[in-house]
Structure formats: C-alpha cells, structure tokens
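Undergrad: Have a look at this one.
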C-alpha cells in the first residue's frame with residue numbers, strides 16, 4: 001500500500017514539481033514558433049504585407065533558447081550546499097516558485113526588448129539550477145535503498161510529463177489565445193503547486209508532520225540513520241574529482257543531455273522545417289517522444305528494483321546495462337532519423353530513440369545515491385553542471401548549422417547527437433560503479449556501523465519486527481514481519 005505512505009506523497013509532489021520545471025522550460029520552444037512566424041497584415045491603404053511579430057534570425061533564436069542554461073549552470077554547486085543549510089524542500093520550492101513568477105512576466109519582457117527577455121530567461125535558469133541537486137538531497141533522506149530506483153525514476157518522470165503536456169498545450173494556447181497565454185497559464189499552474197508543496201512536504205521523515213511512526217522508523221533504519229543525525233561531513237574533494245565512477249556519471253549525463261536538450265529546444269522548429277507541419281501539429285508530434293519516455297521511465301525503475309531485489313543483477317550491473325543499452329539504441333535511431341524522408345518513419349525513429357533514454361536515466365541519474373549517498377546532492381550539482389553545458393552549446397551550434405532550414409542541415413545536428421551518445425556509452429561501460437566508494441564511507445565505530453550487517457531490528461511497543469537486507473547482495477533480502485512501507 002505504497003500509495004498510503006507519506007513518501008508516496010513526496011514522490012508525487014516531486015513528480016509535479018518536475019512537471020512544472022520542464023513545462024516552464026519548454027513552453028518558449030513552442031511559443032517562439034508563433035512569435036517568429038510570418039503573418040500577413042493589411043495596411044490602411046489596402047496593401048497586404050508579410051511581417052513577423054519578432055524578427056529574430058536563427059542565431060538570435062538559438063541565443064534565446066540557450067540563455068536559460070547560462071543561468072542554470074551557475075547554481076548547480078550552490079544547490080547542494082543550500083539544500084543542506086536551509087532544507088532541500090525549501091530550496092526546491094523556491095527555485096520553481098521564482099521561475100513561475102518570472103514566467104508570468106515573460107510576455108512583458110519580450111515585448112520590451114530582446115535583452116530584457118534574455119535577462120528574464122537567465123534569471124529563471126539561476127533559480128531552476130538548484131532543483132536537481134535539491135531533489136537528490138530529498139531522496140537521500142526519503143528513499144529506502146530497495147525502493148530507490150522506483151522512487152527516483154517516478155519523480156523524474158515528471159520531466160517528461162511536463163514536456164508531453166507543455167508541447168501540445170502550448171501550441172493550442174498560442175493558436176487559440178495568442179502566444180502570451182502560454183506563459184500565463186504555465187506560470188499560474190506552478191504557483192498553485194508551490195503552495196501545495198510547502199504545505200505537504202518536509203525536509204526529512206523525522207521533521208514531517210504527516211508521516212506515521214512505523215513508516216518513519218522503516219525509512220530511518222533502512223537508510224542507516226538515527227533521529228537527529230545531522231553531523232557535518234568533511235567533503236573529500238580531491239578523491240571525488242579523481243574518482244572514475246564520478247566521471248562516468250558526468251560523461252553519461254553530458255551525453256544524454258546533449259541529445260535531450262537538442263531536441264527539447266529544437267524539435268518543434270525541426271519538424272516545421274523538415275516536414276512542414278503547422279504549429280498545432282508540431283506541438284502534438286513533439287510531445288510523442290517524451291510521452292514514450294515518461295511511460296518507460298516509471299517502468300524502468302520498477303524493473304531495475306525487481307532485478308536487484310531478486311538478486312539477478314548487482315547494482316553495478318543494473319546501472320551499466322540499463323544505461324549503455326539505451327545509449328546504443330539512441331545512437332542507432334538518431335542516425336536512422338537523419339536519413340528518414342517519410343514523416344511517419346522519421347517520427348517513429350525519433351520517438352523510439354528519445355523514449356529509450358528512460359533506461360539511461362535508471363542508470364546514471366540514480367547512480368549518485370549508489371556511490372556516495374551522503375554526498376548525493378552535491379554530486380548531482382557537480383554532474384549536472386557538466387550536464388547543463390549541452391543546453392548552452394547545442395542550440396547555438398544548431399543555430400550556426402541550420403542556416404537555410406534544410407533537411408541535410410538538420411541531419412548533421414542529429415549525427416552530432418548520435419556520436420555523443422556513443423561516447424557516453426563507452427565511458428560509462430568501463431568506469432561506472434554501483435558500490436559505495438571508499439572516499440564516501442563514513443568512519444564509524446563497529447557498534448555504529450551497520451553497512452555490513454544483514455539484519456536491522458525495529459522495536460515497537462516491545463515487539464521485535466525485523467527486515468533483513470543487504471544492499472550489496474539483494475538476493476539475500478528476506479521479509480520477516482514488516483512490509484516495505486512501514487506497516488506491520
């Protein structure tokens with residue numbers, strides 16, 4: 001009865017939080033098509049002329065679409081530290097809430113000047129940059145090891161749900177009510193989420209006012225924590241930055257994000273240029289790959305947890321197999337999409353290629369919690385800093401490549417993405433690990449160290465209720481009186 005637990009509420013609110021993160025990011029990708037399309041206007045003397053509301057060339061559009069990531073990359077490191085100091089839930093909420101308010105101001109900024117629009121987008125990026133490091137800090141306190149893949153991937157599925165809804169809805173709003181409505185609607189939705197999140201979610205189980213005692217004990221014990229254990233940790237910077245396991249995640253996140261951000265920002269324009277679809281169709285078709293990815297992301301997390309809990313695969317094998325098989329498939333389908341001339345065949349290749357990225361997220365995106373649980377938020381800040389570089393560079397490179405809006409130019413964009421996927425696959429295969437790294441292990445006395453113990457005993461009202469598990473050898477996991485949700 002996971003849906004009755006407080007951590008289910010946490011998962012769903014994180015899901016909706018990332019729904020807003022991505023809907024606030026991608027709405028401009030669709031709105032910019034309406035903002036820059038050529039329209040016929042009739043002058044007072046009856047002359048019909050063609051004009052654009054915003055006469056931005058391809059390089060300026062690339063700059064606008066990438067400007068968000070200039071701010072986004074600046075606060076990755078800060079996000080992890082702020083989450084530790086002020087509470088991950090508050091920083092996560094603040095990041096999304098401020099972005100929502102700035103989104104509501106976007107139409108005024110765009111109508112005023114290009115530079116003001118760029119400034120708004122950069123500041124939005126600054127505040128959204130803290131969200132991923134913060135949410136890893138949330139998972140480190142709320143996600144038991146044997147539920148980690150499922151909880152994390154369900155939360156991250158909000159990214160793609162937001163993309164799926166935002167693409168067609170933005171197209172519909174722009175064509176029906178004008179491009180300004182895109183920003184007003186999604187900004188308002190995020191404000192509503194903000195109020196609910198602040199009401200329902202606490203930083204950790206021991207501070208939560210809605211959690212049951214049984215669930216609280218289960219989470220705290222499975223995470224090998226005690227109430228009030230918030231001691232400061234010395235960060236092993238040198239060991240962290242020289243760790244192959246960390247650089248495996250960095251390369252994988254960079255590679256996945258290159259393809260993801262390329263298509264996230266450019267897919268509506270690419271479909272308009274190569275297939276000639278109008279804004280309404282473009283928004284709907286652009287959502288299909290992310291719908292597929294969102295569905296597969298939830299499934300991949302459950303499959304990964306099942307394989308580990310049954311003992312069929314170790315944590316390292318799960319991360320490596322899921323990540324690298326996805327990258328190989330994405331490489332193949334990106335190349336195929338570049339050569340497809342038929343619209344249906346092209347969209348099928350794109351949908352499968354992007355959708356299979358869900359399995360990669362079950363690899364690298366959860367891996368921080370495997371190799372260094374107590375530094376997960378900080379590690380996410382580090383790896384996502386590198387992972388944000390594609391969001392800055394890719395739209396600008398695309399703007400320089402696609403000068404004449406030809407299919408051959410867009411093919412080169414897809415080939416670059418395919419090559420980077422393959423690079424990430426090779427590095428991750430050889431360097432990835434699912435084990436806690438030596439530099440990430442805390443120094444504890446033998447009495448306190450339960451990392452190598454197989455049995456944890458929960459005592460409630462004088463009754464021993466136990467759950468036996470070994471995170472490194474999940475095949476030995478046996479339930480002995482208490483279920484996975486904190487209930488007898």
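Using the three backbone atoms N, Cα and C, a Cβ is placed for every residue, glycine included.
Automatic prediction, not curation, is the source of TrEMBL annotations.
Pasting the relevant annotations from TrEMBL:
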type     : residues : note
DOMAIN   : 9-436    : domain 'Major facilitator superfamily (MFS) profile'
TRANSMEM : 63-83    : transmembrane segment
TRANSMEM : 90-109   : transmembrane segment
TRANSMEM : 115-139  : transmembrane segment
TRANSMEM : 151-169  : transmembrane segment
TRANSMEM : 181-201  : transmembrane segment
TRANSMEM : 241-264  : transmembrane segment
TRANSMEM : 284-308  : transmembrane segment
TRANSMEM : 320-340  : transmembrane segment
TRANSMEM : 346-366  : transmembrane segment
TRANSMEM : 378-401  : transmembrane segment
TRANSMEM : 413-431  : transmembrane segment
Undergrad: I'd like to know if the transmembrane segment (284-308) touches the transmembrane segment (151-169) in this structure, counting it as a touch only when three or more C-beta pairs sit under 8 Å and are separated by 6 or more positions.
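TA: As far as Cβ distances go (cut-off 8 Å, pairs 6 or more apart), the transmembrane segment (151-169) and the transmembrane segment (284-308) touch.
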Undergrad: If you count every Cβ pair below 8 Å, which range out of 63-83, 284-308, 320-340 shares the most with the transmembrane segment (241-264)?
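TA: Going through each listed stretch, the top one turns out to be 320-340.
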Undergrad: Excluding the flanking five residues on each side, which residues at least 6 beyond the ends of the transmembrane segment (284-308) place their CB within less than 8 Å of a CB in that stretch?
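TA: For the transmembrane segment (284-308), the list is 29-30, 146-154, 156-157, 159-161, 163-168, 171, 263, 267-268, 271, 277, 314-315, 318, 322, 347, 350-359, 361-362, 366, 474.
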Undergrad: At a C-beta cut-off of under 8 Å, are there same-chain residues at least 6 beyond the transmembrane segment (413-431) that contact it? List them, or none.
TA: 244-245, 247-249, 251-252, 254-256, 258-259, 262-263, 266, 270, 320, 323-324, 327-328, 330-332, 334-335, 337-338, 363-364, 397-398, 401-402
Undergrad: I'd like to know if the transmembrane segment (378-401) touches the transmembrane segment (63-83) in this structure, counting it as a touch only when three or more C-beta pairs sit under 8 Å and are separated by 6 or more positions.
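TA: Judged by the Cβ rule, the two regions touch, with the required three close pairs present.
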Undergrad: Who are the chain neighbours of the transmembrane segment (115-139) in space, where the CB to CB distance is under 8 Å and they lie at least 6 residues beyond its ends?
TA: 10, 14, 17-18, 21, 24-25, 28, 63-64, 67-80, 82-84, 88-89, 91-92, 94-96, 98-99, 102-103, 105-106, 109, 148, 151-152, 155, 203, 368-369, 376-381, 384, 388
